[in-house]
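Features reported for this protein in TrEMBL:
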- 42: L-glutamate binding site (BINDING)
- 76, 77, 101, 152, 172, 195, 239, 240: pyridoxal 5'-phosphate binding site (BINDING)
- 5-350: domain 'Aminotransferase class V' (DOMAIN)
- 196: N6-(pyridoxal phosphate)lysine (MOD_RES)
Ligand SMILES: *Cc1c(COP(=O)(O)O)cnc(C)c1O
């Protein structure tokens, strides 16, 4: 078996013990005589799987009973609509446009109400988190303030949450979910597409403060599927959920717990990020993309002086068993996504390759 060092931004690396456990259980799930893939979502065995997944997630994050946990489909993208449909009760919300996905969310929300851009870093190519010193004042009388906490494409991250006063904070945490502790009570709602750090594609975890979902969605036109109220009442089983995806997420949650939980994850992830940023800061060949104060611990973005050099770096990585380092087309260059399942050894292998590449360029 040859496994590569997978730095893909998502779908992304999963922990090997999780994959192996799935493999073992795949054909006959714990004596049920059938696979989870073949099992009714209304069966006893499946009820146990989804309940366990939720309970484990509640333990590792520390989610109080005042919040509901939903396992939905449609990716993070469907939540761009789901959030205004459910939460825009007064018809106005504020958006911090710190990257591509934040901008898409803002544009989608504008279809349903007054979606105000509170701050943006687009003028500097989304290389930083914008200044948010006025946010508390701006947030007054809004239904919510929306942020994308880790900007997957640009490699930037909020290192402090904005102070929105009494206005609920809503965050897309897709690419930093389970990478570090999450102080859930600072938020009205967080959501994450699982395929970055929590499981396979096809599951979106939504954690929402119950009082915000009230009797139902803010907007009449909200599709039944997208009603957080309905989904919460039906325990994410209003219709057939992504049964297999939720099963895999549950295993990843357990793995995180066994590794020591979110604090341990944060420690290792910070260490992994530091190794790469140290190489970048000492380099004459690579340039880090993100402003130092906004650097992500999940996605490390960088490039060389020319696209030809970038291509040579990406091509050479293959030979070292390093995959997935080509960046998104919006930035070009390279991106190393160093999610939980990417090991310290994998990051050291990438750092060693970067240093060798640098040597070879300097001696040219
Ligand atoms: C990947 C990603 C998305 C889009 O996710 P889909 O599941 O493909 O819709 C949105 N936001 C962030 C922060 C992401 O990383």
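Glycine residues also receive a Cβ, built from the backbone N, Cα and C atoms like all the rest.
Cα to Cα, residue 152 (pyridoxal 5'-phosphate binding site) and residue 196 (N6-(pyridoxal phosphate)lysine) are separated by 9 Å. For ligand 1, the nearby binding-site residues are 101, 152; that is, of 101, 152, 240, these have a C-beta under 6 Å from one of its atoms. Looking only at other Cβ atoms within 10 Å, the busiest spot among the binding-site residues 77, 195 turns out to be 195.
Within its own chain, residue 196 (N6-(pyridoxal phosphate)lysine) has 9, 10, 12, 152, 174, 175, 177, 298, 337, 339 as residues 6 or more apart in sequence whose C-beta sits under 8 angstroms from its own. All protein chains considered, the CB of residue 239 (pyridoxal 5'-phosphate binding site) has 11 other CB atoms within 10 Å. In this view, residue 101 (pyridoxal 5'-phosphate binding site) is surrounded by 22 other Cβ atoms within 10 Å of its Cβ, with every protein chain counted. When the binding-site residues 152, 240 are compared by the number of other C-beta atoms lying within 10 angstroms of their own C-beta, 240 comes out lowest.
It is 30 Å from the Cα atom of residue 172 (pyridoxal 5'-phosphate binding site) to that of the residue listed as 'L-glutamate binding site'.
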